Amino acid sequence: YKLSVSPEMDIMEYCRKEWRGNTPAAKRMRKGYEAVAQKFASIRRIRGDNYCAFRATLFQALSQATQLPRWLQSEDFTMLPENLLSKYDWIKQWQLRKKPGKRMGEIRDEIKEYLVLLRQKWKNISEIKGPLEKQEACDKLFKNEEEEYSLYEALKFLMLNTAIELYNADKSGKRVPVFSWLLFARDTSSNPCQLMQNHLNHIGHSGGLEQVEMFLLAYALQYTIQVYRLYKHSTDEFITLYPNDPEEDWPVVTLITEDDRHYNIPVRMCQETML
């Protein structure tokens, strides 16, 4: 059995184990890890199976959650699948995990179930006061494969909903963030239907999240995702924010990547950083 989120380990110890050589790449990685170690003491490895961006982001969001986000509180949150399927027939082609080719009603009910689960888990964990107990609850959730993957399906559907909102806003002449143009400027995703068929349906199976989809995830969750991109150390892309002009009231989660494909998480902020 593979752990989804492995136990924490000292960041510099992890770095020394992973990057021993004297190649330029190894030196840059060590410098990158040193910079992260100014802020965080430990690292937790995230299981790499094309869901790692979801896993790292959601784990960080839940482990510091103190309340249910506004969008999760709204009455019509769980009606999303019904509302979208009634407007967009093509959503019938949504690929449920391990269950290709489901009928429309089954898709609607199943996604609704995932959204209900997301709200319930977020609510339960955010109500836990003690940091140790909260951490234990997160660890337990990410050991339950069935629930964990159901939550990723919920995130994917929220990304689709956000993409549809942005696409429609742009078409009706409203201002949209720059990444939204980039998202729909790709040959493979010139509209939300193509985005679903060529990208969202494949996340977790044959690929992970591309850069532009990290922005979409951040918008769907209304979280700022701050990423230490270690291979970009000593450039101005070393710390990248998704979105790069975040709303002030969005909470921030921090991830680490060595290659923009796999993500791990830094934990335990150093005391002086917190002050």
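Cβ atoms are placed via backbone N, Cα and C, with glycine included.
As recorded in TrEMBL:
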type	residues	note
ACT_SITE	Asp49	active site
ACT_SITE	Cys52	active site, nucleophile
ACT_SITE	His262	active site
SITE	Glu237	site 'Linear diubiquitin binding'
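Its Cβ placed at the centre, Asp49 (active site) has 14 other Cβ atoms within 10 Å. Taking Cβ-Cβ distances under 8 Å and a sequence gap of 6 or more within the same chain, the neighbours of Glu237 (site 'Linear diubiquitin binding') are Arg229. Take the CB of Cys52 (active site, nucleophile) and look out to 10 A: across all protein chains shown you find 23 other CB atoms. Distance noted between the C-alpha atoms of Asp49 (active site) and His262 (active site) is 9 Å.
Spacing of the residue listed as 'active site, nucleophile' relative to His262 (active site) is 6 Å (Cα to Cα, whole number). The local packing around His262 (active site), expressed as other Cβ atoms within 10 Å of its Cβ over all shown chains, amounts to 18.
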